[in-house]
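S.K.: So Swiss-Prot lists these for the protein:
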type	residues	note
ACT_SITE	His41	active site
ACT_SITE	His87	active site, proton acceptor
BINDING	Tyr44, Lys83, Asp488, Gly525	ATP binding site
BINDING	Glu85, Asn526	Mg(2+) 1 binding site
BINDING	Ser86, His87, Asn88, His89, Arg108, Gln232, Glu304, Ser305, Gln306, Ser528	substrate binding site
BINDING	Asp109, Asp260	Mg(2+) 2 binding site
REGION	212-232	region 'Disordered'
Amino acid sequence: MDKIWRELGLTDEEYEKIISILGREPNITEIGMYSVMWSEHCAYKNSKPLLKYLPTKGERVIQGPGENAGVLDIGDNLAVVMKIESHNHPSAIEPYQGAATGVGGIIRDIFTMGARPIALLDSLRFGIPDDKRTKYLIENVVAGIADYGNCIGIPTVGGDTYFEESYKGNPLVNAMCVGIVEKDKIKKGIAKGIGNPVMIVGATTGRDGIGGASFASQELSEESEEKRPSVQVGDPFMEKLLLEACLELFETDAVVAIQDMGAAGLTSSSCEMASRGGVGMEIDLDKVPLREKGMTPYEIMLSESQERMLVVVEKGKEEDVQKVFKKWGLNAATIGKITDDGMIRVIKEGKIVAEVPAKSLAEDAPQYIREEEVPKWQEDVNKLNINEVKPPEDMNKALKDVISSLNVASKEWIYSQYDYMVRTDTAITPGMDAAVVRIKGTKKAIALTTDCNGRYCYLDPYIGSQIAVAEAARNLCMVGAKPIGVTDCLNFGNPEKKEIYWQLKNSIFGIAKACETLQIPVVSGNVSLYNENEEGAIYPTPVIGMAGLIEDVSKICTMDFKKERDVIIILGENKGEIGGSEYLKVCFGMVKGQPPQIDLEEEKRLQELVLKLIEEGLINSSHDISEGGFAAALVESAISGKKGAKISLQTSLREDVELFSESPPRALITVSPEKVEEVLKIAYEYQVPAQKVGVVEGKKIAIEVNGKKIIDLPLEVLEESWRGRIKWEMERN
């Protein structure tokens, strides 16, 4: 066993700590159990000391971080359950299964809480699709998500996708799931009741995914290709049966505690449940239903075979459980019992093959506060002299270039592969500011979004992360939803590098600041580190998943222009910032400058104003101004509503900056002519600048600045550029 712990990702110091916990040298199975439970993926050992700065309390919070998912009270004895998780490393190696099992895993996190999943979202990051490998990754990640979600019958209603060079070879696949549960039916993973039986339910256990959690805690390299067995294989039809069987089981009083088997499989589910409950657990591996012959204790304990759950059952109710699972054609086997000594004791063929304290696996992983320093290149990339950027001679071309850029263009090629209408509750479909899903039997709806501009976070992780939170909240407000909770997925490079740790720390502080100011608690989340390729780390990408509550679904608002002659109004102020903008990258090939600065109090006022205007029925459309600036937002609203616009701007800014600056917080709204004065009056009361800039009319976009016509383009030409870009990229050789 020469230094085998190193191969499994443990340091020599960590190995010494294990010896002192056990009072002896661990055997191979025990080393394996510690290696997965103490991996970054399971233990958050580089991020936990920072995560405590996030605000996790709020009047709606029923369950914050620490369980399988977060839970928020939405009234009427109902709660929304939400969680986002990454499946980045598996998707880089085996994109179809990596993405599919990412979806499967996050769905299990939701129904293990007792909730019925109602929606999926996906936040995706890819390299530029100009080579075969990148296209292969994109095609297969999207197909993996689509097939799993479509087969299990849960609508994929939204998400976000960005393409940047930094994600080449290390795509980000962050899957978010949301469910609804009656408040008194929430289930938790807290084992209790000495002598209560422990059952494994669902699929059989095979060799797939062994050591996947430790694999997800390393940088990708050439050798990663050899780790394909670390990627699990998903079966959405099996998961559909498991979902229905579990929800039916929850209607009985047989379940004491339940946990899905995700990363680290039987090891994590057993030690986490036992540790939360302050108890021990004895497991007999001869009773685990296996799908392969000759599996060792190490393999059974570390298998990440999908579609399995571990259940602690009330003593004497085992048959009730078996009856339910038999009906759905699934396994339910009693494999152990709860003990009072706090140990995870694993038995095979009558012999003890592993015996370790549950708490030491689940809670005692070392935590690291790393050294940090500002990256050497940071000062250089933050320099931007606007005078070096010559305004384009042809503004029509500049507009077409910006709206057909990969990050602004329509993502229809992606979301058209998803069934977003299954379950028939989707009220706002993908492609809008936020998705909206009705809650059956009520007037309520939940609005959902994921947001993060990694480029902003690369230029300034503190400000960029605040913008991610602010934009997610603004997107929800645009459809008439009040933001109620965040689930975040922090995607970064190797935290052992000082500049990466600096990015991670500043990003978390930025999220904390924005969530505190906007009063939105973080209820769940995930950290994915070591996201690097040969060139270095990905852009820091703290993806913000957010849910908002709509009390009356009949009052939702969308971004499409509704009526000719409606007046177009910009809310908020253009501060003339173009650092980190899509315009700067697309038209000049530059990723430079400071990201736009954000005043969170200003943001709060704008969001409250938009919610008020929607609630009062005073506006016909609303759309947030972000990537691509005012010009892109205008084109998107026009294309969505199949109506043009005539715009006249008065400004002291340069024409291109007026059109393409991404200064937050801003929104584009349309108002019936007779309601304009009232809207302007209310905006004044909320201290939000509001400027009439034009009207909805015709079939083209015509813009003049300070009396000079600078843009005049038919809507169909713009639509072709905007709608066709990604499809064209994916189909060209």
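Cβ atoms are placed via backbone N, Cα and C, with glycine included.
So where do these features actually land, and what's packed around them?
M.R.: In the three-state DSSP scheme, His41 (active site) falls into the helix class.
Sequence-distant neighbours of His87 (active site, proton acceptor) (same chain, six or more apart, CB under 8 Å from its CB) are Gly98, Ala99, Thr101, Gly102, Gly105, Val173, Asn174, Ala175, listed in sequence order.
Neighbour count (other Cβ atoms within 10 Å of the Cβ, all protein chains): 19 for Tyr44 (ATP binding site).
In this structure, Glu85 (Mg(2+) 1 binding site) is part of a beta strand by DSSP. Around the Cβ of Glu85 (Mg(2+) 1 binding site), a 10 Å sphere holds 26 further Cβ atoms from the protein chains shown.
Within 10 Å of the Cβ of Ser86 (substrate binding site) there are 26 other Cβ atoms, across all protein chains.
Long-range Cβ proximity for Asp260 (Mg(2+) 2 binding site), meaning a same-chain Cβ under 8 A and a gap of 6 or more residues, is found for Asn68, Gly105, Arg108, Asp109, Thr112, Ser269, Arg308, Met309.
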S.K.: Counting all other Cβ atoms within 10 Å across every protein chain shown, which of the binding-site residues Asp109, Glu304 scores highest?
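M.R.: When each Cβ's neighbours within 10 Å are tallied, Glu304 tops the list.
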S.K.: Have a look at the recorded positions His41, Lys83, Glu85, Asp488, Gly525 and say which one has the shortest Cα distance to Glu304 (substrate binding site).
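M.R.: That would be His41, the closest of His41, Lys83, Glu85, Asp488, Gly525 to Glu304 (substrate binding site).
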S.K.: Taking Ser86, His87, Asn88, His89, Arg108, Gln232, Glu304, Ser305, Gln306, Ser528 as the record's substrate-binding set, what's the max Cα pairwise distance in Å, rounded to a whole number?
M.R.: 21
S.K.: Using an 8 Å cut-off from the Cβ centroid of Tyr44, Lys83, Asp488, Gly525, can you name the remaining same-chain residues around the ATP site, in sequence order?
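M.R.: Apart from Tyr44, Lys83, Asp488, Gly525, the close residues are Leu51, Pro65, Ile84, Glu85, Thr487, Cys489, Leu490, Val522, Ser524, Asn526, Val527.
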S.K.: With DSSP assignments reduced to helix, strand and coil, which class does Asp109 (Mg(2+) 2 binding site) get?
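M.R.: In three-state terms, Asp109 (Mg(2+) 2 binding site) counts as helix.
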S.K.: May I ask which of the binding-site residues Tyr44, Asp488, Asn526 is closest to Ser86 (substrate binding site) if we compare their C-alpha atoms?
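M.R.: Comparing Cα positions, the closest of these binding-site residues turns out to be Asn526.
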S.K.: Show me the subset of Glu85, Asn88, Gln306 whose Cα is within 10 Å of Tyr44 (ATP binding site); these are the binding-site residues I mean.
M.R.: none
S.K.: Based on Cβ atoms within 10 Å, give me the single least packed residue among the binding-site residues Asn88, Asn526.
M.R.: Asn526
